[in-house]
Each structure stands twice: as structure tokens, then as C-alpha cells.
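Colleague: One structure follows; several queries about it will come next.
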Amino acid sequence: MASTTSATTAAAAAAAATKPRGSSSALCPRVAAGSRRRSGVVRCDAVGVEAQAQAVAKAAGVAALEQFKISADRYMKERSTIAVIGLSVHTAPVEMREKLAVAEELWPRAIQELTSLNHIEEAAVLSTCNRMEIYVVALSWNRGIREVVDWMSKKSGIPASELREHLFILRSSDATRHLFEVSAGLDSLVLGEGQILAQVKQVVRSGQNSGGLGKNIDRMFKDAITAGKRVRCETNISSGAVSVSSAAVELALMKLPKSEALSARMLLIGAGKMGKLVIKHLIAKGCKKVVVVNRSVERVDAIRGEMKDIEIVYRPLSEMYEAAAEADVMFTSTASETPLFTKEHAEALPPVSDTMGGVRLFVDISVPRNVSACVSDVGAARVYNVDDLKEVVEANKEDRLRKAMEAQTIITEELKRFEAWRDSLETVPTIKKLRSYADRIRASELEKCLQKVGEDALTKKMRRAIEELSTGIVNKLLHGPLQHLRCDGSDSQTLDETLENMHALNRMFSLDTEKAIIEQKIKAKVEKTQN
């Protein structure tokens, strides 16, 4: 790669070309007499400054890509890399995860922003209460990772240096294996929990609806779903498995006096998937009544229709604090971006009876959190979030780890299938290049032949017959080589032979496929940035 100095110079030159003639380099340029002034204070045209800044950034991006294109030779041997950059309950506290959380409806927008980065071809976002992971296909490993980390820093407001202390970064087969383990529930706080598989499926559905997932990421997530299903069907890792919701119920009952646990007044705020599972596990523990606060009554009615063994009382969102005043235990599970309960709210609530220990329990399984951390400063309140569920999880961990070892065999099988499929894609550019090379020779030689014979000497029928003859000869000559370049990746031996054939044909015909691919990708990126 050319030096950073030359890249910077190119970017600066491109930026200068976009600058209005005669403008000052100062952030707030002086204006001549008669320009907009009020009380002797010069006002900046904010819109103009913003437009200029965008133009400068755009020009700098184009310049950087052009510089990358010039030195594409160095990247010919580096195939586009699959990578995952993220943090989870294992690496970062909830305070950091909630700042990076991306709501499901914003996944398509996040993908669009990520794929607009200079060195990112494809992207997907998996954001749950326990993890925030970004999967990408990067043109350049180092530059792509740096761009994604900077994007995460900008989105969350967390300095990149601080983020890196909690991020994990995996590439190639390690990144793919990680996703397969996530889908199988092997990386979950609650080993073997089933909700993560549904969340991985939702990434694919969201991508299909928005058209945002690229070919490699789409296939990787679909194969991860297959791996997750196989692990659950072919091992007993899910037998007796708990979810985040069930662990939350278990934790709440552990913190209540045993003799009074089932008579505690239960309140659930949010009747989504997680909330529904909370009710299900309350029933399993013998609870007979729960108050549910939700924006609409329809979802609560639907849950009431499914679960007959518990009394479900609906309260609208406008009555949330009144319902909280009557509760001993509160489970919160909403998509709110801001806390629903602060220290002031908790202090305003009436005291809980001594039979319940004299403290009100807030069990918050939302990310971002629905209950502010400062609520724990209130003497009559105890706050628990998803990070506190480890206490419950540890009880079942040893048995689940044995089951996880069985699952690794399935993960490895599915990983080999995905990598074989991806390897098989390498031959496609060679097939196209070889076909194009042969067609150019055919067209050139045909033109020479027709010129020698003369246009007047041939009827339309004769000309068509000669063209068909030349096409037929080329097709028959190419049939054998092309057959030896086609492979579905299911047989590793056949795949190895196919890749050997591909490299041999590239050498024999000087197709220079790898360089052509990287240049084509960079060209597409440059055009996208310019547009």
C-alpha cells in the first residue's frame, strides 16, 4: 500500500477541489460588509458548512479508495475476509452493551451505514440483551476492522480505545464457528437457551425484507440456523435448559422469603416475547396472578388466551407507576431507549411489607436497561439486570458443558460445509473470464474471416451459419475445462481438484482473475461513494 502521506495528500487535494472559490479555511469565514450580521456577531451558514463538510468527507473517501485501487496488487492474495467484531455478556458490562444496542427496526439502516464504509462489502447486525455483534465481509482486514470499530465508537459515544478493551474480533473460520456456536446456544449466558436461534433467524428475515444481506453473510447465517437446529435435535443440550426469562423468574424467587415467594405481587412491564416467557415460567413455579402493563391490550389478551393457569390483569402504560406501587416484584422487558424507573420514581413508591423482606425487587431483562442503576441507591429497592443472572446459571453449568462437547462435532461438520461452499465460489470468476477470453478471440477471428471473404459474397443465411459454427467450436472446446471448474463444494477431494484446475487455467491463459476481482470490487465502492 502506498504511504499514508500520499493518501492524505490525495484526500486533501480532492477536498480542495470541492471547496468554493475564494472561501476561507476558517470554520466560520468572515463576510463582507452588508452580509448577515446581528449585534456585531457573524452568523455561520450552518447548512452550507454541513454540506461542505459532507463534500470534503466524500472526496476524502473517494481519494482513499483510489489510493487503495492503485496498490491493489498487494491485496490480490487476500481473499475478502469474513469477520465478527462485537462484545457480549462475557466481555462487557451491560452499561456498555446498552450504548451499542441497535433496535431490530434499525438493523437495515445499520447495515446500510456499514456497507457504505470504504472496505466493507457485506454486513449484518446481531443485537440482543446479551450481545452486540457485527458480521462483515471486508475488502481489507485491517482497514475494514478499523472502520467498523470507528463506526461503533461514533454510534455509542464510547472512545475507540475504551471499546477495544471489551471487543472480541474473529476472522475467517473462527468468525463463522463463533456464529454457529451462538446459534446453537453454546455462547449464551444460559447455555443451550433457545431464544438466540429465533434472533439469528430474525437477522435473515430482516435482511431479506430490506435486501441488505450479501451473498456470503446470508449463506453463513442460514447455515448457522441449520447448525443451531441440528444441535438441538441431535443432542440433549436443550433438555431442562433455561432462558433469560426463566433465569429472571428463578432469581426473583431466590431473593424473596421462601415462605412468601408465591404470594408476592408480581408485575410485568412489556408483553413481548421475553415478557411472555416470564409469564410462562411464573406459571411453572406455581404463581397464580400477574399484572401486565403494556401499550396495547391486544397482545395481553392473546397471552391470556394461551395461558389459562394464571390470572392476567391488564393495566395500560399510563397506569404503570400506580401498578408499580402495588407490586412486590417487577419484571421489565420493553424496547424503551430511556429508563422507565429512576431513583425519584422508586423513592415515590410506598414501602413493601416486612413479610416480603421490606424491599421491592426490580428485575430488568432489557437492553438498554428499563431501570436506572441509581434505583439501587434507594434503601427499599433491589435492582437486578441480565448480568446478575449468572448466579442462577452457574447451578446448571457443569452438566451443560458436557452437552456442549457433543454439539461441537455438529458445529465442525456445518463449518466444513460452509467453507467448501465458499471455496467453490472462487471458480466462478475464472469461468466468466475464460468464457469472455474465448468469445473475444472468436469474434476477432470471425471478423477477419468475413473481411477476407467479403460482405457481398455471403447471404444472411451463410453469415449466420458461419457465426454458429464459430460459436459451436468454442463451446465444444470450452466444455471440458468448464466442467472441471464446476463444483458444489460437497466433496472435499473434488473441490481440491477443481481449485487446482482453476489455478492452472489462470496461469495458462493469463486470466489474472484475482486482480480483476479486487479491482472490480474497489471500482464498485468508488462509484457508490461518488453517487
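Placement of Cβ uses the backbone N, Cα and C atoms for every residue, glycine included.
Reproduced below are the annotations present in TrEMBL:
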DOMAIN    85-235  domain 'Glutamyl-tRNA reductase N-terminal'
DOMAIN    252-392  domain 'Quinate/shikimate 5-dehydrogenase/glutamyl-tRNA reductase'
DOMAIN    406-511  domain 'Tetrapyrrole biosynthesis glutamyl-tRNA reductase dimerisation'
Colleague: Could you give me three numbers for the domain 'Quinate/shikimate 5-dehydrogenase/glutamyl-tRNA reductase' (252-392), the DSSP helix, strand and coil residue counts?
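Modeller: Helix, strand, coil within the domain 'Quinate/shikimate 5-dehydrogenase/glutamyl-tRNA reductase' (252-392): 62 helix, 31 strand, 48 coil.
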Colleague: What does DSSP give as the helix, strand and coil breakdown of the domain 'Tetrapyrrole biosynthesis glutamyl-tRNA reductase dimerisation' (406-511)?
Modeller: 91 helix, 0 strand, 15 coil
Colleague: Averaging the per-residue pLDDT over the domain 'Glutamyl-tRNA reductase N-terminal' (85-235), what integer do you get?
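Modeller: Value for the domain 'Glutamyl-tRNA reductase N-terminal' (85-235), mean pLDDT as a whole number: 92.
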